[in-house]
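One structure is given below, encoded as structure tokens.
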Amino acid sequence: MLIKTHRDGFVHPVSSEITPEAIYRDRRELMRLMAGGVAGAALASWAGRQAFAQASRPGRLAAIAAAKSAVPGAVTMEKVTDYKDATSYNNFYEFGTDKSDPAKNAHTLKTTPWTVEIEGLVKKPGKYSLEDLMKLSAQEERIYRLRCVEGWSMVIPWVGYSLSKLVEKVEPQGNAKFVEFISLADPKTMPFVGSRVLDWPYAEGLRMDEAMNPLTLLAFGMYGEVLPNQNGAPVRLVVPWKYGFKSAKSLVKIRFTDKEPQTAWNKAAANEYGFYSNVNPQVDHPRWSQATERRIGEDGLFAKKRKTLMFNGYEAQVAQLYAGMDLKKNF
Ligand SMILES: Nc1nc2c(c(=O)[nH]1)N[C@H]1C(S)=C(S)[C@@H](COP(=O)(O)O)O[C@H]1N2
Ligand SMILES: [Mo]
């Protein structure tokens, strides 16, 4: 078994650090490497073991076992963004507004114990521990494009399950039409929660049918491991056809409502950030175009910008949710 170490001070204190699943996953990875021609002798060497550890545990956080998702559209074949890039270029305003701030500052986030409160128009409200939430459905690996409203994108292998599994479990009432997602706002561990850039807590929302779309992911991990703090540990949302800000991090509350919820970015600048915020190359942000994007990791001198795709490339899976809607008005 590999000895668990933490790199760069990313500490994710999940109680079940070395699980049977972790062992199983490492064994599977070992078999994959052997099949790929990595000789047993090399693996027996120190360097070989290091290479193996690096390949299977990019951040040296606790592993989460996950099968590749069978949900249509859930696994893009595009090149996955380097773990280092995906964990060091982030927006997480609770830890600062610079892209390098979350990786520097989010080590103060305390993720154990963690509970998510389910409330509002729902038959089974209550507090769910992280452990119970994680066990609620089988963990899947989803490889999603994530496109930020500011014009950059990444490809990230997430680990989680469809939010719909949780929604079904808690049984929304008939009049529940929207779902609101609320992030932790703890001024003691999140240095920027005192600032006035946003109205804390960070809040986001989806229409019920968007929340029920199988692509909407409740994520607990990425790259086969638990989420690093700066990426929204220990549980976050990932909505791949919407701009990145719709995917709220470090969730503490999920609320079912009959009215369209107010969202943090809409409150901050209503003319720039609407409720829907679907990725749409035809609707510009008031201050810049949304027609192209820069893929993180492709930013060399000659790197071409990519064309942004309608619904971030998930049109086949989600366009029907918006049939008949004017997407310029409902931006
Ligand atoms: N709580 C919270 N969630 C958040 C944000 C934030 O500032 N606070 N930033 C959003 C934005 S703008 C983006 S682009 C994505 C980035 O997710 P990533 O760090 O996993 O790439 O998180 C979103 N979720
Ligand atoms: Mo973003």
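These residue numbers are counts, starting from 1, taken along the chain as shown.
Cβ from N, Cα, C; glycine included.
If you look up TrEMBL, you'll see Asn90, Tyr93, Glu94, Cys148, Ser183, Asn231, Arg236, Ser247, Ala248, Lys249 marked as Mo-molybdopterin binding site. Look at TrEMBL and you will find 110-265 tagged as domain 'Oxidoreductase molybdopterin-binding'.
Features as recorded by TrEMBL, highlighted on the structure.
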residue : record                        : CB count, 10 Å
Asn90   : Mo-molybdopterin binding site : 26
Glu94   : Mo-molybdopterin binding site : 27
Ser183  : Mo-molybdopterin binding site : 25
Arg236  : Mo-molybdopterin binding site : 23
Ala248  : Mo-molybdopterin binding site : 25
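Site extent for Mo-molybdopterin: the farthest pair of Cα atoms among Asn90, Tyr93, Glu94, Cys148, Ser183, Asn231, Arg236, Ser247, Ala248, Lys249 sits 18 Å apart. For the recorded site, Glu94 (Mo-molybdopterin binding site), the DSSP three-state label reads helix.
For the recorded site, Arg236 (Mo-molybdopterin binding site), the DSSP three-state label reads strand.
DSSP gives Ser183 (Mo-molybdopterin binding site) a strand state. Model confidence over the domain 'Oxidoreductase molybdopterin-binding' (110-265) stands at 98, taken as the mean pLDDT rounded to a whole number.
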